[in-house]
Amino acid sequence: MKEISCKLLVMGAGPGGYVCAIRAGQLGVDTVIVEAGKPGGTCLNVGCIPSKALIHAAEEFEKVSHMEGGNSPLGISVTAPTLDLARTVAWKDGIVSRLNSGVAGLLKKAGVKTVHGWAMFRDGKTVAVETETGSQVIRAETIVIATGSAPVDLSFLPFGGPVISSTEALALNEVPQKLAVVGGGYIGLELGMAFAKMGAEVTVVEALPRVLAQYDAELTRPVVKRLNALGVEVMLGAKAKGLSTKGDALLVETSDGKNAKVAADRILVTVGRKPVTEGWGLEQIDLDRAGKFIRIDDQCRTSMRGIFAIGDVTGEPMLAHRAMAQGEMVAEIIAGHKRSWDKRSIPAVCFTDPELVTAGLSPEEAKALGGEIKIGMFPFAANGRAMTKLGEDGFVRVVARADNHLVLGIQAVGQGVSELAAAFGLALEMGARLEDIAGTIHAHPTQGEGFQEAALKALGHALHI
Ligand code: FAD
């Protein structure tokens, strides 16, 4: 059996793991990364990137579909557009494959050795990897666990046949005629809306009384309106119960306790993601857990000396950029740098239509701190750029302390607001006050002006409303 030693071993080459390995390599740390699948992990292969490619294609298709028959207010007319999903998926696969090579190249450039195979802990310093050419043992001074997450499956609705997870949904060759989505969280709605735009009849079954329940109702209202406009049926307070005997319908218990059948040729289950904590020898090292996740401190150290954990396997928020930020920080700590972690300004984006962005505290969370707060909101209906994009529905909202105007949180809903996430994150990271945002000259005409106006509104003197 082949044996190698290194200073750092990273388990898993998702956004957390590969960023950690690249940064460690740049800092001269002798690093090996082990990956069972393709570089880039969930995010690049079956998550962020492929879903955004599909969402974009669906958006474009819907736009041109509305232009049929000369009804578009833009004065553009087209004849009967069609969508070949197999070609869309091939295009998406091409992007993924280019990025796979990109990540592999970056690892190589940083001097990181990549081992392909499944890694299993033997003890706290040794990992065995089953590769295509045989077994390999890797001894490392430090190990970073970055094994990510996988879709949660329901015992009464197991994956297989018509029941699919987001992974299969991103690789369909044909648009389902009738799609049932179990779970109205961000993944279910992002994909459900995309398929509705591509022509599927979509029903969302959500057990809670609201979709996107982690956001406040004011923020999600434009998304709910759009779901209605797209003809997506949303069953709230409804529980999925199983698959019909013929496999052609989802069995549901409605909010008033009645049994219902939702006809569907595909049932997409998006009820959450679970950490990948099995199959890699966690039992050999006995790390502390926080529920299903691996417990970490503010520097991503686990309960065992020399073992760090980052990304989805460590809990919420399960976001690629959080995993990357943790990966970079851990690499620097391992290289001897002083680093700390402040999760206050991790933005979160939901790529529904319209998009949602949040950074920092919501109004409710800010109120819960006890002090007085100021809230400024600016609607895109008063923003020229939004009007030129037919994107008037939505707003930017800024939440700040009333006493010293320190910005505590920023939220937005609207077409394309994902691009404002960087400005929101920067404002929080820099400890901006309302006056800093209000005093920043924003380019005209852009939706970013809504951010400045929301801060001005909180100060009591918005200019365009
Ligand atoms: P992962 O990306 O899950 O990577 C873990 C890697 O470890 C995998 O490649 C796996 O093969 C490998 N691995 C596991 N165990 C072993 C082992 N024992 N040996 C070898 N290799 C192993 N996040 C966003 O921020 N923005 C988005 O827009 C977004 N969209 C998403 C859309 C969908 C449909 C999904 C499913 C997720 C989305 N996410 C998004 C979440 C994002 O993908 C995850 O937060 C991110 O991938 C987590 O990174 P990670 O490095 O922790 O783990």
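Note: Cβ is positioned from N, Cα and C throughout, glycine not excepted.
Summarising the annotation, TrEMBL assigns domain 'FAD/NAD(P)-binding' to 7-327.
Secondary structure at Cys48 (disulfide bond), as computed by DSSP, is helix. The disulfide bond annotation in TrEMBL covers Cys43-Cys48.
The annotation FAD binding site is assigned in TrEMBL to Lys52, Thr147, Gly148, Ser149, Asp312, Met318, Leu319, Ala320, His321. Around the Cβ of Leu319 (FAD binding site), 18 further Cβ atoms fall within 10 Å across all displayed protein chains. In this structure, Leu319 (FAD binding site) belongs to neither helix nor strand by DSSP; it is coil.
Here TrEMBL flags Gly183, Gly184, Gly185, Tyr186, Ile187, Gly188, Leu189, Glu190, Glu206, Gly272 as NAD(+) binding site. In sequence order, Val204, Val205, Glu206, Val269, Thr270, Val271, Gly272 are the residues of the chain that are 6 or more apart from Gly183 (NAD(+) binding site) and have a CB within less than 8 Å of its CB. In the three-state DSSP scheme, Gly183 (NAD(+) binding site) falls into the coil class.
Here TrEMBL flags 346-455 as domain 'Pyridine nucleotide-disulphide oxidoreductase dimerisation'. In terms of DSSP secondary structure, the domain 'Pyridine nucleotide-disulphide oxidoreductase dimerisation' (346-455) contains 39 helix, 33 strand, 38 coil.
The annotation active site, proton acceptor is assigned in TrEMBL to His444.
Taken in sequence order, the recorded positions Cys43, Gly148, Glu206, Asp312 that lie near ligand 1, meaning a CB under 6 Å from one of its atoms, are Cys43, Gly148, Asp312.
Around His444 (active site, proton acceptor), the C-beta neighbours below 8 angstroms that are at least 6 residues distant in the chain are Gly384, Arg385. When the recorded positions Cys43, Cys48, Leu189 are compared by the number of other CB atoms within 10 angstroms of each CB, Cys48 has the fewest. Maximum C-alpha to C-alpha distance over the listed NAD(+)-binding residues Gly183, Gly184, Gly185, Tyr186, Ile187, Gly188, Leu189, Glu190, Glu206, Gly272 is 14 Å. Our reading of the FAD binding annotation (Lys52, Thr147, Gly148, Ser149, Asp312, Met318, Leu319, Ala320, His321) yields a largest Cα to Cα distance of 23 angstrom. For Gly148 (FAD binding site), the spatially nearest entry among the recorded positions Cys48, Gly185, Ile187, Leu189 is Cys48, judged by CA separation.
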